[in-house]
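Structure first, commentary second.
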Amino acid sequence: MQRSRASSTSSGRHPAPPPIGLPQPQAQPLEAPKIIVIHPGSQHLRIGRAADLNPLTLLHAVAYRRRPGASDRPHHDPLLPPLDNVNSNSGLMVEFEEQRLVVSRILQHCVVDNKNRLRVATPPQQLAHFNRSSQAEKVPAPSGQMADEPWLDREAPVLFDDRILRLGAVDARNYDIHFPIQRGELNVHNEKGGSLQASMQHLERIWSYALEERLKIPLRKLGTHCAVLVVNDVYVRRHLREFVTLLLRRLGFRRCFLVQDSVASTFGAGIGYGCVVDIGAQKTSIACIEDGISQLDARVRLSYGGGDLDQVLLLLLRKCGFPYRECNVQESYVDAHLLDELKEKFCHLNASVCGAQEKHFNLRKHNGQWLRYTIQVGDEALMAPLALFHTELLNITGRTKAVFTQQAVQDQYDCEDCFDAEYLKETGRKNGVRGGDILQLSTSAGYQPRPQLPVTADDEELIVVDQDETISNCQSQLGAQTAGGQMNSNGCYHNGQGLVLPLDQAIIQSINRLSSYETKRKMFGSILLVGSSAKLPGLAAWLEQRISQQVQSEVNVLIKGMDAGMVAWKGAAIMSVLESARELWISQNDWQRHGLRVLRERSPFLW
């Protein structure tokens, strides 16, 4: 039912009527200025009206000022993935240097023009000689920075957006800094502010700031607005429930609906099908979309992204004498943001660019003085993004990178879902019809129960216990099968050494999990690159060449002319005003009366 309904929605055909018992969505005029599209990410939040040309992009973090004299340690969620015990004597650094040499030798065999001339690389020692002698020079403040404007409001109880990026190592000690989403999912942990409800509170503070201060929409008027939330393809059902509660009850939107980011990306790019590769700040997700449906078996989220490339770039720059020697991305948000900017300015995947390139960057010191640094960069600008294809370089941010595929329904226990498998097990009667129904379901799943004997009044308690054991054994077997399937599903995205697969091989593995040869061929011919870290020059051509060398199908890697990080947001804005999307909206009254049932029935993806 879900698949046919969602397919008809995406293709523009007349949508199927809602299930009996749920109210028909009211046919109200769609006003794009009254629709707020929200795309939350690990590092950035993109939010804006559906009628806007581009969304606002904010840092998706909040900093709470600590009480004076607080004895506990401040909590700092890092802007960049932390290094995994990296020092000059560690085995990780030895591995990193070995892999750097491997990548360097590969680049030496690249042809730079039609005359078959090979690249000539500048050794790091030569670059270090220049960079170590480079001195910073004083420069005036940027034109956008007023001379009398305070750099940091030290009295503000809460900081948002770029104010957090102005916190150096010393100033950051006065704040608890939280990123509510990390590695593509809610940042739930055992430290301060790490509970699920605390994470939702952080989201509420950030989104309220964006709505009131940046979009100039008073919170009391959100009852006249609607919201579209872009969520991950690999999702946790309980988290989606909390998101809807946040939008409808806590923020007070009139109605909302959810859409998966890869599906929204196909709408934003104007394609009907394709393999969507979303390279974000802290994760890379792959999903195959056909007729507006994200194929369940082909979804995967890999725990590496642009932030990991930042750390690789920093180690490479330090090897060639990085002139800003005090750079401390672990404690200073100023330095972490600087490194992210250097990746965007320096890095590329164009093998024809070789030799030393002179670059500049500006930095504000604690005393308010702006400095200009000059640095020479060679193949370091090319090696850092190549870590997407040589994941051994990414071991510096954790040797074991998590891989997430969509969990089965029975693995996502939710006590508020009346159709949850565990809920049905615990609330079903121990004898009579329901016990037999559960056994019948178990039989259809492949379990053969023992023959039933006639039940007498004296034997009822005995049979009840026997049924409990039978059901428990059956579900244990099914749970083991599900866990094994989940493990096998994740294991196919690791190589023989247990390392997560490179980007090109992960895409091939994801597409090959599809059952139809024709569908596979279509996906290889339409690979869409999106995400904030997919804007590296030359990435699409490099990825296309790598995949073409490993498959026989025609390979086309697409990247649209717009900002790759905004494609999903634009697609969600387009979906929100479509006539066929009317049945997707969930109102406050629907959510209050029906809860998860209405989300299950109206979500445009398989629940």
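Keep in mind that glycine also has a Cβ here, set from the backbone N, Cα and C atoms.
Predicted, not measured: the structure shown is a model, and the values here were computed from it.
Per Swiss-Prot, the features are as follows:
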- 1-12: compositional bias 'Polar residues' (COMPBIAS)
- 1-27: region 'Disordered' (REGION)
- THR9: phosphothreonine (MOD_RES)
- SER11: phosphoserine (MOD_RES)
- ASP278, ILE279, GLY280, ALA281: ATP binding site (BINDING)
DSSP-derived class (H/G/I helix, E/B strand, else coil) of ALA281 (ATP binding site): coil
Number of Cβ atoms other than its own within 10 Å, given for GLY280 (ATP binding site): 26
Other CB atoms within 10 A, centred on ILE279 (ATP binding site): 27
Beyond the site residues ASP278, ILE279, GLY280, ALA281: chain residues whose C-beta lies within 8 Å of the centroid, for ATP: GLY41, SER42, GLN282, LYS283, THR284, SER285, GLY305, GLY306, VAL530, GLY531, SER532, SER533, ALA534
Number of other Cβ atoms within 10 Å of the Cβ of ALA281 (ATP binding site) across all protein chains: 27
CB within-chain contacts under 8 A for ASP278 (ATP binding site), separation at least 6: ASP261, SER262, SER265, THR284, SER285, ILE286, ALA287, VAL530, GLY531, ALA534, ALA568
